[in-house]
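What Swiss-Prot annotates here:
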type     : residues : note
COMPBIAS : 17-29    : compositional bias 'Basic and acidic residues'
COMPBIAS : 30-41    : compositional bias 'Gly residues'
DOMAIN   : 213-374  : domain 'CP-type G'
REGION   : 1-42     : region 'Disordered'
REGION   : 261-264  : region 'G4'
REGION   : 323-330  : region 'G1'
REGION   : 349-353  : region 'G2'
REGION   : 367-370  : region 'G3'
REGION   : 464-494  : region 'Disordered'
Amino acid sequence: MAKKKERAVNVSGKPRHSLDVNRANDKKGAGGGAGGGGGGRSAATVRRLKMYKMRPLRDRGGKILKHDLQSKELPNTRIEPDRRWFGNTRVVNQKELEFFREELQSRLSNNYNVILKERKLPLSLLQDHQKQARAHLLDTEPFEHAFGPKGKRKRPKLMALDYESLLKKADDSQGAFEDKHATAKLLKEEEEDGLRDLVRHTMFEKGQSKRIWGELYKVIDSSDVVVQVLDARDPMGTRCYHLEKHLKENAKHKHLVFLLNKCDLVPAWATKGWLRTLSKDYPTLAFHASINSSFGKGSLLSVLRQFARLKSDKQAISVGFVGYPNVGKSSVINTLRSKSVCKVAPIPGETKVWQYITLTKRIFLIDCPGVVYQNNDSETDIVLKGVVRVTNLADASEHIGEVLRRVKKEHLKRAYKIEDWVDDNDFLVQLSKTTGKLLRGGEPDLTTTAKMVLHDWQRGKIPFFVPPPQQGEDSPSETAEPVEKSDEEGVSSDRTAAAMKAIAGIISSQQQMNVPCQKEFGVTNEDSEVAEQSE
């Protein structure tokens, strides 16, 4: 009798269930395992199959007690009827709103006032835009008096009753339009005189491209405080009124500060006069950009810290430095950081794009390329303002005549050791022979000599400044009689006292301890003439 074959027992202990994750793939080439070589299922397939078998938990009646793979349902909730949640948080009546509106308009006219909590203030209710202002027609004429059976108006009200009044209104609107567009008005006057330059080299349009203006508007939009850097030698010539108008109309919440850079190139009384004049419009500070020996750094840092403290609701504030080319915007940022973080050069156009600089954890600085606003400046004015690189000028000698007219003769004698000259050509010829700028055959190189003079002008080696419009007691008297040699010591002591008084005024206003000054502005009778008004 044959033995009954017993069923083999799995003694290896390996699982054989199809949903077991630890199942071994013994059959090679069968099935679709993860490695492609086993008959079992992968762990991802096993988890997916288990998910299909999950069911919600129900009671005997079939009501779902607990959903599988879902969060537990919360019971119905009800918000407490408390005044803290449903009541008015801020209530103001019409009289208080009108009073606050008048106070706000009177205070905001002063640029030294700052709104502390702008987000909590309903500015949309306090400022009536001209386009959104109501006409208040029912206050002037009720609806019943204009339409219906009780209407009293027999004919419609027109803009003008006769042609004379219509013509007058058209003239008034035309005059208002011309006043608004002052640049177009100046160009029109030039056309009437017949002295308008129709063709101008592209180098005289530097700083006016769309890319540069785009960089300026990006800096303005990103800044909480805008610092307009001005040249202390000619503040009004390097001032951009278009920028100030843009901030007043479109960005009233941004703050504008004037910074008089290069104050070491002008006498102390002129700096004090310009501070007094410009401070009537915006906060103004005097500054001398230098990493080692600067002036006004403490005052500017103090102002920036005050703005950061006022903007306590923001994590950090951004300060944008804008202005004409070659006024020292990048040098000011390097002075604040006490190291070279921005590229600087004594030529315009070194900064190409805007640049973010970290000053502190809460203050960031933005360097902007120089922007030139289109105005009525001639080519010579553009060159003398430092907008154009002198090396790119084809004929630099044609701009020397204006330099000789703006600078006193004594300053040119002291700078170039030339006693007398007839005109600008004679001046260049003598200077070429003195400095050795000669061509073949001993001919003077007028172009190279003229470029050298313009370089000295832009870098401050030739003393020049525009006096302030209202000169105070510290300014030197222009009508003083010539002094004899025996009174030189008394005059020197008087001028020394006046200069020390002006310096003390600037120090007290800006809380500084030392003032850098140019060596040429001394106290002797010969050197003191530099501090007088330039012709």
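A Cβ is built for glycine as well, from the same backbone N, Cα and C atoms used for every other residue.
Broken down by DSSP into helix, strand and coil, the region 'G3' (367-370) contains 0 helix, 1 strand, 3 coil. Across the range of the region 'G1' (323-330), the DSSP-based residue counts are 2 helix, 1 strand, 5 coil. For the domain 'CP-type G' (213-374), the model gives a mean pLDDT of 87.
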